[in-house]
Amino acid sequence: MTTARRRPYGVKGAPYAFLLPATILFALFFALPIGYAVYLSFRKVHVSGLGLGSGARKEVWAGLENYTDAVTDNELLDGALRVLGYGCIVVPVMLGLALLFALMLDSDKVRFAPFTRLAIFLPYAIPGVVAALMWGFLYLPDVSPFYYLLQKLHMPQPNLLDGGPLYLAMANIAVWGGTGFNMIVIYTSLQSIPAEVYEAAKLDGATPLQIALKIKIPMVAPSLVLTFFFSIIATLQVFNEPMTLKPLTNSLPLTWSPLMNVYADAFRKGDIYQAASEAVIIALATLVLSFGFLRAANRRQKQEATR
Amino acid sequence: MPNTKRTRLVASTIAVALGATALTACGSSDSDSKTESGPVSLTYWTWTPGMDKVVDLWNKGPGKKAQITVTVKKQASGDSLVTKILTAHKAKKAPDLVQAEYQALPTLVSNDALADISKDLGDTKSKFADGVWQQTTLGTDAVYAVPQDIGPMMFYYRQDLFKKYGLSVPTTWEQFAETARALKKKAPDKDLTTFSANDSGLFAGLAQQAGAKWWTTSGDKWKVGINDAATKKVADFWGGLVKEGAVDNQPMYTPAWNKAIDTGKQIAWVSAVWAPGTLTTAAPQTKGKWAMAPLPQWSAGDNVTGSWGGSSTAVTTDSAHTAAAAKFAAWLNTDGGALQALAKDSGIYPAATNAQTSGAFAQPPAYFSNQSDFYTEAAAIAKTTAPSAWGPNVNVAYTTFNDAFGTAAKNKSDFTAALNTMQDATVADLKKQGFEVSE
């Protein structure tokens, strides 16, 4: 009797017991800090008098002040626009190259496939800061071997650390570092396409190009969506590259990207409250953008399925 | 049974309470008499290289006698340490001793992170120049730190190249501009120096030399004078040179800058007493070819310099052993042996005046072996340092400087506009924090 009563209870409780560690960790290290950041974003410091000595500084309720400041601060919006411009270069070029490389590696004609795959993937293994430092070196006319060659060949030497070319220079670092990872994701899903599909296509007289365009690409569409999704998030959060290149040029302000703005407010100006509100806004924007994209992608897939 | 349990609980509660009272009594008597009994161990956050060796001297010598042991925890330098101290202080866990740059002291004091150690320092004040000491008091009766090193500014130039191009060492800023133009005429691909927007300390020092007072107080109000006449003069001067192309506009401390000063593409550098260390790593090939001279003056016959860099040792409010910590801070920065070791192992230029001419500074730095009176001259220049005026949001002003002057230098546009941006941002930040600001 007792065992009969306890068993269903145990089965019912088991999922919760299994969930518990993850839930506790999630609450402690994810939900709690986020909650604290949101709390901080509604606070500010208030100083009385000269602000020297003890008790001169108090944390007070700020209401929406930090948010209105963040929204009316042109730097945050300008930063978002700059990152948008940067993303418009990075995402298509990187994913285009990743898809191209994946398709090439997947074709029967490629030689040294394992080596090539590794060579394309390798830059992803290099930490972003190191990559940015290395490229920064190569972009500086006075120390770059490329500029030396251009000079010897009497070719024009563009200033890569200023104006429009700066976006290309920065995008180049991201593309160089990110293509390999995205290629692997797409390549893996290409590998999982059953061979019969290709066989049927070949019997129907499809050329390799047709197979690539009409079969392979539609069949890896879910991984393309996934890589696009990751790339959008990575682009919105760009920080390492501009931060590392910053000391090399006057053209990169400390507020170049939204995250740099947050960093400058929190750790250079010491205003964690303002920084928290900006972080919340960026997180919300990222959520809206990425989920918006996912929903749009899902809707299209469903439409295609019903067709 | 339950009765006994309860009795025991009550008994232990009373015991704990009694113990707590005893502890409190102990604590209060301690702070009253300011004498420490029993061994004390202190933690010290610093970025100075080789500080552990200097602290070893204390731990084996005077520290052992006084039963005060100091442990060094190596930190990143400058602003990031300020952030770290403030964060630790929020959790009431800041270390006993910290290294802090002079311009960071008001920020730390305004966050109530630094203890007033005026009562524990004895005659320490007499060991320092007034202008240096004043930075640790913030103009009050309190003392928040003991000065450690200073960075009086000087003019560094390539002796050989100055001769080659027939240039003479400028003694006024007017001559400095002429020298820059003369060099451009003789060698269009060379620059006298660069105006760099990536280190605000340099600009602040130049403004200080011109007599600027960026933060002042009157009553309960702060006054921000970043765009005062003196600073405007400095900004206009450099803005003009950048605009006409007489000096370069690229940032320093980049690989490109290193190469430029190493190969003679830039032949001078407005810097401070610590420049030999930087030049040793940045321009290793031109060792022995550089020379140091006093900073050019705004009017002939003047003899003033600014300061760029320099730091102090402070005791935090979280320390339970303020007196012991202050004792160590005073020893570290005034004791002959300690200063000797600081000069040798850490390569700092001491703030204590008698140490500047001590044995450690009898020989010039190896990089300047050609200038035998380097440190005699440096000590004389250090005496002419203009007073500085720091406020509670130097970090905001400095951050704004980087962006505003970076853009202005890039576009070769009006530096005064950049200066006004800096002033407005600094005032706006003070007001936002609730400081009273007088216009």
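Glycine too: its Cβ is placed from the backbone N, Cα and C atoms.
Some features that TrEMBL has for this protein:
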DOMAIN    A:80-293  domain 'ABC transmembrane type-1'
TRANSMEM  A:16-39  transmembrane segment
TRANSMEM  A:83-106  transmembrane segment
TRANSMEM  A:118-140  transmembrane segment
TRANSMEM  A:166-187  transmembrane segment
TRANSMEM  A:219-239  transmembrane segment
TRANSMEM  A:272-294  transmembrane segment
Near the transmembrane segment (A:16-39) in space but 6 or more residues beyond its ends, with Cβ under 8 Å, are 276, 279-280
Beyond a gap of at least 6 residues from its ends, the CB atoms lying under 8 Å from the transmembrane segment (A:166-187) belong to 85-86, 89-90, 93-95, 97-99, 101-102, 105-106, 117, 120-124, 126, 128, 131-132, 135, 139, 160, 220, 223-224, 226-227, 230-231, 234-235, 238, 241-242, 245, 249, 251-252
One stretch in A:83-106, A:118-140, A:219-239 has more Cβ pairs under 8 Å to the transmembrane segment (A:272-294) than the rest, namely A:219-239
Tertiary contacts of the transmembrane segment (A:118-140), defined by C-beta under 8 angstroms and 6+ residue spacing from its ends, are 101, 146-147, 160-161, 169, 172-173, 176-181, 183-184, 240-241, 243-245, 248
